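Peer 1: According to Swiss-Prot, the feature ATP binding site maps to 822, 823, 824, 825, 826, 827, 828, 829, an assignment based on sequence analysis. What Swiss-Prot records for 1-20 is compositional bias 'Polar residues'. Per Swiss-Prot, domain 'ABC transporter 1' is recorded for 91-341. Taken from Swiss-Prot, the feature domain 'ABC transporter 2' covers 786-1029, and the record attributes it to sequence analysis. Residues or ranges marked as N-linked glycosylation site in Swiss-Prot (evidence: sequence analysis): 265, 1017, 1371. According to Swiss-Prot, the region 'Disordered' annotation covers 1-36, 1076-1095. Positions annotated as transmembrane segment by Swiss-Prot, on the basis of sequence analysis: 450-470, 484-504, 530-550, 559-579, 597-617, 1135-1155, 1166-1186, 1215-1235, 1251-1271, 1279-1299, 1317-1337, 1402-1422 (among others).
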C-alpha cells in the first residue's frame, strides 16, 4: 500500500512540514521523519526539506512543460488480415512483396498546454488515442508518424532537440512490467537512482550513499520498503506480488527524475486505494520539484481525479476537451449532458464517448459523433481561451530562446564531468559501463546456479569425454584420437556460448526501456555484459580444458599448454561475439526466441562442417571454400593441431608390410605423412599432407581469431545501440480465412500504435444481426444452493503458522450475484480457490462446504464454472472453437453433440459475441481485446453449463469503467437467467456496486466483516456500518469506498473498532447462522431431487470426467493438431532447419568418393545431421508449455479431460510433420552425397533407399519423443532444453561416429550400447556404404619400394591376404602404392558395424521411441500431477 497516511492529510490542508534545511535524510536518526528507514518517515516533510536544501545550495530543479498545437498523428495499415496456417501462408506472399498500405489518421488536431508543475489526466476509452498521445509527447513514436504542421514547444526546446539531446527528460511509462526478475527490488531501484544521479549532490553526501537513501525514500513513498530484499520476479519466477511489481515499475520511472512524465494506464492492477496513493505522489512531485505529468487512467476514483490540474478527453482520436479538470464536468453539462447521481466525474467524462451511456438533458440537441464533439470543442469559449494561452506561451518561450539556453545549462550542471551536452545521458559512457557491471555482478550473485551448473557440467563432461582418450601415447595409433580430441575441444569451446542468445533475447525489452529512460547506452550494457562474462568464461574454459588437456595426454610442455588455453579462450570469445551479434538482427525480425535461434543453429552446422576436421581443406568444394576463410573455428582448430603436432615425432605403431623390420628402407609406416625407412613420423608432415596445415600459421591464426573477435563484438555493440527488437502490431481482429461474418465488417480504426492491451478494432454490426436472446436452456439456471460455514485456511511461513482465512461463512443462491470484497491481501482469491476446490498449494483447509447440505463430490469441480482473473486461452483457436471444446468435454456424455453445439450458439448470442465468434483469440497486442477476452473467459465456463454456480475472479480488474459496466451487465444477465454467481471485486464505483445483491466483506487476515444484502442504493449495507462508523455516509459518496474508510481499510484511515467482533455479535450474524443451519438440514430435500432426476440418464455424470477417455482423446488431439497447423512459423522453421541443414550437408559432401577419407566423410555426414537435434527439441518445447499451462491452470482443475489424454495427444501431434520432414531430409541428403550409387553398385537400391528413409523417420520420431521426455518434468522450456542438451551430449559422443567402440575403454561400452544413436549410425552406414569397393585418394596410399627383384604384389602378398587392402599396380617394381582398404565392409567392421544387423537396429530405435513415450507420461505424473489431498 502507498504510504499516504501523513501525505493525505497534509495534501488536504495544504500545509507543509516545519522541517526545513535539515539533513535531507535525517542524519540517519531513527526517530526523524526525514529518515526513510524510520517508522516516523513523512514523505511530504522529506520532499519539502529536500527542495529547500537544494535551492539553498544554489541548485535548481529542471522544470519542463509542453505546448502542442495542431497535433496530428497517423499510421499505415494493411488490408484485412486473416489467420495464417501451414497451407494459406503462401497466399500472403504477394501482399508481403507488394506494400499495399493505407494511411489511417490516429490523432486529429490536438491542442494544449501542460506547464511545469501541472498534472493532466488523459481520459478516453480503448482505441481513443490515449497511448498514442502520451507516446507523442514523450517522443516514443515507433510505428507511427507526426504531421508536418504539428507544433511542439518544450519551454523553448524544440521537439527534435528534446527527443535526441534530452531524451530522458520526457519519458513514457507503459503499463507492462519488465525487470530483471532475479534482482531484488532494492537492487533494481538503486540502479535507477545511480543512472540519473546529478553531478552536484546537496550537503556533500557521497554519491553511493545518496543513491541508496534516495532509493529508500522512493520505496517508502510507494509502500514497498518491506520488499527491499525480495526478488522482483515475473510470471514464471517467484518474487513480489503483481501489485508490488507494478509499484516497482512506477518507482523506477520516478527515479528517472524526468521533468515531463507520461504514464499510460500505470494503475492497472492496482486497486483504487493504491491508484489514489500513486496520484498523490505525483502531486507531491509536481508541487515541490516542478515536474509535470500526463496520466491516462481507467476507472479513476474521484479523489484521484481531484488531484489533477487539467484534463483532456479523447474520443476515437478526436480531442473533445482540454482544460482545467474542475471545469470539465460543467463544460459537458453545458453541452446538454447530465451526470447521474453518484457517478464520478471521470466516469461521466468517459461516458461521453459511449452513446448508450451518456444521458441527454431535456431540451438539448448535443453532439453525437466524435467529429461533432470535436467541432463543438473548437467552437467553444474554452477552446478560444486555450488558443490565447498557447499564443502567450509561444511568445514567452520561443524556440531556441533564452529559456532553452537556461535549460541546457541546467542540464549540463546535472551531467557528469566529461559528458557531452548533447548527450541525453547523465553519466559518461565508462560510468554507465561500470554501473551496468555492478548490476551484472548482482545478477550473478543473486542467481549463481547457472554458473555453478555450467562449471560443474564442464568439469563432468571433461572427465567423461577425456576418459575416452585417456593418456594417449605419442605414437601413430593416437593420430586419429588426437584429432578427435582437438576437434571436440574446439567444438565445446566454440559453442559453449550458444545459449547466450536465449538470455540476451529475454533481457532485450528491459535494455530498450531503460535506454528510453536515458539510463545508459544499450551498447554500454552489451559492453559491460561482455566484460562481466569474462571471468565466468575463464572459469568455464579452465574447468573443461585443464582436465581435458592433461587426461588425454596432449603435448605436455608449458608453452604448448598455455597456448592451448589461450587459443581455446579466444575461440570462446570469438564465437560468443558471433552469437551476440546475430542475436540483435534476429530479435529485430523474430517474434519468439525459438525463431531467433534458427540462424544460430544453421551457423553452428556451417562452422562445424568447415572447421577442417570433418572436411579437410583439400576436400572442400570450391563453391563453399569461402566459409572456411570466414570461420574462426577453422583458424582455431588449425592452430591447436599445429600446437599439438608441429616439431614432434611420433613413434610408428603399424608398418607396411606388418612383418617388416622397422627402419628397413623397404618398410613404411601405415599413416599419412610417413617416409619409407623411418620409425618415426613427423607431426609437421602428417598435418601438412592430411589437412594442408602449415606450422607457420600457428600465431597468425590466433591473430586472425582475435581480429574476428574484435570485429564481432564491435558489430554486436553497434547493433545493440541502433537495432531495436521487433515491435508487436496493434490489436486487430484476425479471422480464419473465409470465416469473416457476412453481417459484420471490421473497421480498422486507429492504430498500430495503440499496441496496448486494449482494442484498436471496432466491430460494427448490421441492424439485422443484433439480437437480444436468452435461450430456454440459459433461462433454466441452477437450482442448488452452495453454502459454507467456518471456512479456515492455515499455512506455515518459515515454520510459523499463519491463518489466511478465519471462519468465513456464506452462501450463494440461484439467481443472485454475491460480491466478495476486501483490501489487498485479505484472502479474496484464496477463499474463491478454497470454495471452488482448486487450492493446490500447501495448507490446511477446514470448515463445511456443502451443496444442498451434501459434501462436495469428485464431480464438483466440473459442475462449477471458475472464470479466473487471468484470461487464459489457446491463442490459435477461435472464439467459437474455444466454446465448443468446453461444451464437448464438460457436458455429460449422454447429451447429443448437436444439442451441445446449439447451446454454444446460445451462449454466443447471450454474450453478444456473434460479430467475432470466428475471430482468433490471438495474444495481447494481436487478437481479442481485454473486454472480448473477459467475455470469452466467462463464455467458456458457461458453455460447460455448470449446474451449480459460477465463480468469477476480478472480472473488472484493469478494465476501463465502460468495459467494466459491460462485464457486470453480462453477469447480471446470467443471474437473471437463474445462474448463481460469486464474484470478487476491487472497490467498484457506486453505480457498479449497486448491481450486486449480496456482499461478503473480508478484512486483513481473512476475517469476515459483513455478509448480507446490499439493499437498494446500498441502504442495508450503509445502515449496518453507520451503527459503529465515526461518520455517516455522505449522500453522494460511493458506499463501497465509504465502507472501507469506515473499517479503516482505505489509505490514510484507521478504525479503533474491532469490526470482526462487531459482526460476530450482531443480529445479522445470528440470522446468517440460522439460515446456514436450515440449508444444511433441509437443503437436500428441496433441491437435490430435480438434479438427481436430470442426471439418471448417465451414471458417469457423477464421475471425475463428463465424457469417456476416447471422446476426450478425439477432441483434444484435434485441437493440438489445429494448434500446430495454425502456427506456420513453428512448422516452417522446423522444416527450414531440417531442409537447409540436410541440403547443406548433402552439397558439402556432394558425390563423396569411395576413398578412405570419403568413407569417413560419409560417416561424418551422418554425424553432422545430429547437430540439429538440440534445436529441434528446443523448438517444440514452447509449444508444449503453452498447452500445458492452459491445461494445468484452467482445464485440469475444471476436470475437462484426463492428464493421460493430454500427454498422449501432445506426443502424437508432431508425428505428421516429422514424417514429412523425414522425406525432405532423406531426399536432400541421400541423393546429393551419392549414397544411392553405392546401393546401385551393390544391386540393393530399393531396399537400402527405403531403409534409409525409414531410419530418418525413426530418428525424427525419437527426436520428438525425446523432447517430450525432457520437457515432461521440467518447469520451463529453458530447463527442459538444458536437460535435453546434457543428455544429448552423452548420447551423441557415445554413438560410435567420432570414437569407435573398440577404441573406448571397457567401462564406457555400456553407454555406447545405451545410446540410441549408436544403432542409428550403424544402420545408416550399413544402408549407405556397405558392400562396395574402395579406391584410395592419391595422398592415402602408403608408398614403399620392394626389395630388389620383387614386384609390389610379391612383396606385399601376405599383407594383402592378412589385413586386406590392394596395390595400385601389382606388377610395379618400385614406388609400391598400397591402399589399406579395398572393401567398405572392412571399414565398417573396424567400427564394429555389421551389415546384417541393419534391420534389427532399426527395430531397436523404435524401442527407444516407446521408452521415451513411456518415460514422458510417467515423469509427468510423478513431477506435475498433484497427489493425495492436493489432487485437482
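Cβ coordinates are placed from backbone N, Cα and C, and glycine is handled just like the others.
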Peer 1: Hey, which bits of the same chain come close to the transmembrane segment (1279-1299), Cβ under 8 Å, at least six residues off its ends?
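Peer 2: Contacts of the transmembrane segment (1279-1299) (Cβ under 8 Å, skipping residues fewer than 6 from its ends): 453, 457, 461, 464-465, 468-469, 481, 484, 487-488, 499, 1163-1164, 1166-1167, 1170, 1173-1174, 1177-1178, 1181, 1266-1267, 1270-1271, 1308, 1311-1312, 1314-1318, 1320-1322, 1391-1393.
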Peer 1: Give the nonlocal contacts of the transmembrane segment (1135-1155) in its own chain as ranges (CB under 8 Å, at least six residues past its ends).
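Peer 2: Distal contacts: 598, 601-602, 605-606, 609-610, 615, 620-621, 623-624, 1161-1162, 1164-1165, 1168-1169, 1171-1172, 1175-1176, 1179, 1217, 1220-1221, 1224-1225, 1228-1234, 1237-1238, 1329, 1332-1337, 1340, 1384.
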Peer 1: With pairs 6 or more apart in sequence, are the transmembrane segment (1317-1337) and the transmembrane segment (484-504) linked by at least 3 Cβ pairs under 8 Å?
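Peer 2: They do not touch: fewer than three Cβ pairs between the two stretches lie under 8 Å.
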Peer 1: Under 8 Å between C-beta atoms and at least six apart in sequence, can you list the same-chain neighbours of residue 829 (ATP binding site), or say none if there are none?
Peer 2: 869, 953, 954, 984
Peer 1: When DSSP is mapped onto helix/strand/coil, what comes out for residue 829 (ATP binding site)?
Peer 2: helix
Peer 1: Using DSSP, would you call residue 1371 (N-linked glycosylation site) helix, strand or coil?
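Peer 2: Where residue 1371 (N-linked glycosylation site) sits, the three-state DSSP reduction gives coil.
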Peer 1: In the same chain, who gets a Cβ under 8 Å from the transmembrane segment (1251-1271) while lying at least 6 residues past its ends?
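Peer 2: Here the qualifying positions are 1169, 1173, 1176-1178, 1180-1181, 1184-1185, 1207, 1210-1211, 1214-1215, 1218-1219, 1221-1223, 1225-1226, 1230, 1235, 1277, 1280-1281, 1283-1284, 1287-1288, 1316, 1320, 1323-1324, 1327-1328, 1398-1399, 1402, 1405-1406, 1408-1409, 1412-1413, 1415-1416, 1419.
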Peer 1: Which one of these glycosylation sites has the most other Cβ atoms within 10 Å of its own Cβ: 265, 1017, 1371?
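Peer 2: Result of the Cβ crowding comparison: 265.
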Peer 1: Provide the number of Cβ atoms within 10 Å of the Cβ of residue 826 (ATP binding site), excluding the reference atom itself.
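Peer 2: Taking all protein chains shown, residue 826 (ATP binding site) has 22 Cβ neighbours within 10 Å.
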Peer 1: Using residue 1371 (N-linked glycosylation site) as the reference point, find which of the recorded positions 822, 823, 826, 828, 1017 has the shortest Cα-to-Cα distance to it.
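Peer 2: Comparing Cα positions, the candidate nearest residue 1371 (N-linked glycosylation site) turns out to be 828.
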Peer 1: In the same chain, which residue numbers or ranges, 6 or more beyond the ends of the transmembrane segment (530-550), come under 8 angstroms Cβ to Cβ?
Peer 2: 433, 437, 440-441, 444, 451, 454-456, 458-459, 461-463, 465-466, 485, 489, 492-493, 496-497, 556, 561, 564-565, 568-569, 572-573, 576-577, 580, 713, 716
Peer 1: Taking contact to mean 3 or more CB pairs closer than 8 A (sequence separation of 6 or more), are the transmembrane segment (484-504) and the transmembrane segment (1166-1186) in contact?
Peer 2: no
Peer 1: Would you report the average pLDDT that the model assigns to the domain 'ABC transporter 1' (91-341)?
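Peer 2: Averaged over the domain 'ABC transporter 1' (91-341), per-residue pLDDT gives 87.
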Peer 1: I'm a bit unsure how to read this: which one of 559-579, 597-617, 1402-1422 has the highest number of Cβ pairs shorter than 8 Å with the transmembrane segment (1166-1186)?
Peer 2: 597-617
